[in-house]
Each structure stands twice: as C-alpha cells, then as structure tokens.
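Asks: Before I ask anything, here is the structure I am working with.
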C-alpha cells in the first residue's frame, strides 16, 4: 500500500503540490494523469524519495520513504524518471545488470545473471545487449531503462511516462506487460500522457491539476467528458469501443 | 571481466614493469646502492602521484558525471597551494618553519578538504552542465591563484621565502620528506575508493537512478569528494600542480579498456599513469637527456587531449 498524507511541495516560491492525500492499495496498475505542470512527476519522485519531502508523510508498504535506508527501500520500490540521460559508457547488459544492485551490491550472482538475461529477453533487448547505451535510439534506450527498473524485481514499480519514445508496438507491449505484472499482484504507478492507454490498462486513474487531486476512480468513472474537462480544461468526446471508453482527445 | 579488458590490463601491467625496470636500471653507474636508493625514492613518489592522480580523476569525473573535468581543471590543486600560502600567512614564517612537515601536510590537507567540500557540494547539488562547471572551475582556479598572489604580496620577505620553499615542489624537485605520510594517505584513500567501485558504477548513472537503486547519493558524493581532495593534496604536495595529467591518463585508459566500469577503469588508469610518469621520466632522463622536461611533456600531451575531448564533445 502507498499512503500519501497531506503532501505539499513548494519549489522556488511556486506551489507544485497542494495538500495531496491519497491511498493506493497493494496490487494493480494506477495511472497518474493530468495536464503539463500538474505535479504528476513531482508526486512520483516524492514517493520514490528522489526529492526530499517538505511537508506531509508518505509510506510504501509501511516504510516511511524519508526515514527508511535507501538500500531497504530499493528492494521494495523501483523507479524510472523521464530520460535520466545515461552519460556513462555502458553496455545494455551492464545497464540492466544495475537493476540487481540493491540485491547483490554490484557482485552479480548466477541468479542475478539469470534475472538479467530473462529481462533482456522480455524487452526484446537480447540482440542489443552488447551495444553501448549511447548508441541506441530513444525508444531502445527507453526499453533498456525500463528493463533495468524491472530487473530490480520489486513489489512496487513507479514509472514516469514510460511510453515516451516508444513506437505503437512497443507501447502496447509495455502496457500489456505492466498489466500482467499487476495481475500477478505487483503494484505499478505510471504517469501516462495518453488517457486512452490509462483507460485500457489501468485499474484506477488518479487525476491531478495544478497540484491538487481532482478525481480518482476506475477508468469508467474518470473517462467522462465532464471529468476530463475538469482535468484538462477542454471538452472532448468520449465514445465506447468494445465496451471500453475512449476519448477522442485529438479532435 | 571481458577478455579484451584482461588483455589490456595485463599489457599495461607489463609495460609498467618495463618502465620501472628502465627507470631503475638504465645507465646505472657509480655506487650502486646509493644510486638505487636515490632512484627508488623518486620511483615511489612518481608511482604515488600516478595512482593518486588516476584514482582521484576517475572518482571526480564519476561524481560530477562528465569526462572532461578533473580535480586539477576545477582548481583543486590551486586550492591546495592557496592553503599552503594561507598557512604561512597565518602562522608566520617562524611558526611555519618550526612545524613538522607532516603536520603541515595534515593542516594543509584539512584546510583544502573543508574548502573543497564547501565549494563543490553546492555546485554539485545545483547539477550544472559541463560548460558551467568548467567555467566555474576556471574562475575558482584564477581566484585561488590570485588569492595566493595577494597573500604573497602582503607578507614580509622571510615569510615570502617560506612560501617559496613550501610550494617549490615539481617533478624535478620531489618532496621526499612527505613520502611516508603521502603513501599512507594514498593507500587508505585508494582502498576506500576501490571498496566503493560498484557504488561508483551506479553513481555514474546520475543522482536519480542511483537513489532509486538504493544509494544515498549525497552521502556517497561527499565521501568520494573528500577522498578526491585528499588524493589531490598528496600529488600536489609531492610534485606541485599538474593540470592535465589526470585527464590524459583517464582518457587514454578509458579508450584502451573501452568501459567505464570502475573495477577495470581504476586499475587501468593507475597503470597508464605509472607507465607515463615512470616510463616518461626514464625515457627523458636516459634516452633524450632532458630530465627536467617531464612536467612540460605531460602537460603538453594532456592539453592536446583536453582540446580533443572538448571538440569531440561539442560535435556530438
């Protein structure tokens, strides 16, 4: 369970998050949606203790994120932010291997190697595993970074715009894989730009706007013209395709 | 470790041995024991400098997440020299002269450590890009050199002589009185860096991924910067400021082993450093008869590498 209580965040005088309280149950896929600057990424990085908590409390699986040793938390929670820009001269295989760092502190055991190999395979990276990360295309690098996060084998997975740079096929692949992991009992929180991806794969959608929680619920509850208007600030048509709501947000 | 990495490391180790043998053995004449002892002390100093410069540069580059900046380019050795000058200024020539050189070294190192952390931590936390870091490094270097010059102008002639005496070290005039303490500091710091080699690999990913993988980025960065500062103090105390040696050594090592993994890169950089310093000195001294030129040659080659790296970075 991820418990967020009265979290506010101010940066450079600007209010990024405004007294956000929210509880996400264990298991399932949660999509964070909202317009640019809504505070989605900030909320995610606070949960993942990538920036210090200013006010309020956050705990993951009962562990307060600001007081738990990083090593302990890294075995419970894995996070991927938007393109961290890996500068180091690294092979794909080595990058994915870093996902095992919280478990083996850098000395990969045969067990770690097996996890890395399986993860490479899962993300279609086996043919690229000896390539240097800096020579990959944006989408390939994104897949390698997600693979690293997945190789961490944690119960909680936080992803900031994981579909960035992915083509339609890999975006669909990834969402299905995340869905399968959620069905297997893991907890996934992903910032998604495309509400239709969120509607198709998430168990619940959390909508933020201007640092405030605007709406939260099952896709069917959020995917209405009224709620989407309240979140994104314009009216869009919502149609039903094969029983699933779909927003025609581009029209 | 890949086969290529093992071959390169073995080759470098072999070259380092050859360089050492040449340095000790070439043109040996007269009283053998005396000559060997003299050369042995110089050899030890050169090896310490090579290892200290290599390890500190690799660590500094990883923590600051770039491959162009080195402690020397960021003005850390100018900071050390300023510490020396400030110490003379504070204690007076007499007080300074009566201090044990090892105590002086400790004092100067502590002074530098404090200032380095106070200066570079805010820079690191602001996460500036390479250009800004480089600019601030140049400015800081000028600042410390100017401060030293200012202090030198303020002191009386005796203190001036003391300052000159304290900062005269170069490849030609190695401070052998500091060898023992420099050796201890180097061994301890390098051992600590070696223990953190896997953490360094993770730190190289940047602060967010490293935090996500369970490293306390701030604490690791502070610790590693402190070790870097100590190693810079060692090399600056022994042979004075060398600006481009670290950059040169690490750039060559990285191209040879073709990886940034610290398990491989750290020993490779140290070995390249030994080959260049010891081999270069042996060659210059016995082959070309220009024993005073090592500093110049190293700075020249390092400067060329620095320009090449800057240009290739700008092209990308």
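A Cβ is built for glycine as well, from the same backbone N, Cα and C atoms used for every other residue.
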Asks: When you get a sec, could you say which of B:179-196, B:197-214 is annotated transmembrane segment by TrEMBL?
Replies: B:179-196
Asks: With the transmembrane segment (B:78-99) as the reference, find which of B:45-66, B:179-196, B:224-252 contributes the most Cβ pairs under 8 Å.
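Replies: Answer is B:224-252, with the largest number of Cβ pairs below 8 Å.
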Asks: Looking only at the recorded stretches B:131-152, B:179-196, B:292-311, which one has the largest tally of CB-CB distances under 8 Å to the transmembrane segment (B:45-66)?
Replies: B:179-196
